[in-house]
Amino acid sequence: MIPVFLAAIAVFLPLTSGHIAFWHNSMYGFNVTEQTFPYDNRPVVPLQNMTFKEWWFHNHLDYPPHPGDFFELPAGKPAMAELACNKGATTWFNSSEGGNIQNGDDPCPGSPPSEYHTTGFDDLKGCALAIAYEPDVTKIKPEDFTIFSVNQTCVWYRFTDFQVPERMPSCPPGGCHCAWFWIHSPDSGGEQIYMNGFKCKITGSTSNVPLAKPKVARRCGADPDHGKPDAVPGNCTYGAKQPLYWLQQEGNNEFDDYIAPPFYNDLYNFKDGAQNDIFIDSYPHGIPDPSPEQTIIPTPLDAAVISNATPAPSNGSCSSRPPSSPVSSSAASTTTSRSPRPSARGFRRSTGEKAHTGLPRKSWTQSRKMRYVF
């Protein structure tokens, strides 16, 4: 009787759909549903082979947030985001179609990790936040966004910390625009990119040094799955980098093969945490042109030295020491909580999966024969 009873209950348990989105009331498309567009364009839907209008800001520019709704980014501290398969799994459930289905730190209640495109913790490839210091969203171009924070355990936790560089300058009147980006492992589902745009502002700024002009990131890390066991540091892009625009009909800045996607991790020199070398004075001796043959590896000036020489804005100050616990950037109250943890190599949530066998993966030609044609 018990198995039958449990099976009957399971029928009524709310299951979330796959895929992931950044959820906050500052985002574009916060209330977009499956019926809003002629096609399914919910914030969680992945982006692949789309026109520029369709993938840029997820085609949600006509669905802006309310004036005054911003995602706060505390300089020198972590900003806590909520990543989930469904708005109902977040503190914003009261405006979701299915009600409250929160389950602690689970980003996709009722679904296995394959629903958010990973075979397990060791298969995570990272996600990132980018910023453009422009309040008018219609003026922003893809090359205006700069990646300022990376979390290499994304997506694994619903509550995901993004460390904000201490030297981030204040936003102009009207605020900044930010976007969340994610590209998942090729070992779990078809390839796409994810982008959710939102309005944001820097709080507690103590610097007025602007960001450098971002450049296109280059593949330079160790890539044993594709026959490159060693990193090639000379081929890396150093300093400010653009997001990875990939696999669309137009607007791409990355052209990797469908089965060798770019990632927000060491493969493209996106280190875990705050990207502290994105400012115009980060490399006072310049950055050499990257290439596989380049032997000069630039070193950014020590942030502490720069901070001592940087005048603070006159409109306020902020302690440069990060707090012992994360700062929530959500204005909504939550019934769940969790302890702070490192963004990479953190505690692993049990999934009931078998331990990694240590067997080598198949080569890309063995594992998939599909090739994406641009």
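Placement of Cβ uses the backbone N, Cα and C atoms for every residue, glycine included.
A quick note: this is a predicted structure, and the numbers were derived from the prediction, not measured.
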From Asn308, Asn315, the one Swiss-Prot labels N-linked glycosylation site: Asn315
Neighbour-count leader, CB within 10 A, disulfide-bonded residues: Cys154, Cys200, Cys220: Cys154
From disulfide-bonded residues Cys127, Cys154, Cys176, the one whose Cα lies nearest Cys108 (disulfide bond): Cys154
Those residues of the chain, 6+ apart, with a Cβ under 8 Å from that of Cys178 (disulfide bond): Phe71, Leu73, Leu129, Ala130, Ile131, Ala132, Gly197, Phe198, Lys199, Cys200
Structural state of Asn235 (N-linked glycosylation site), classified by DSSP into three states: helix
Cα-nearest neighbour of Asn151 (N-linked glycosylation site) within the listed disulfide-bonded residues, Cys85, Cys127, Cys171: Cys127
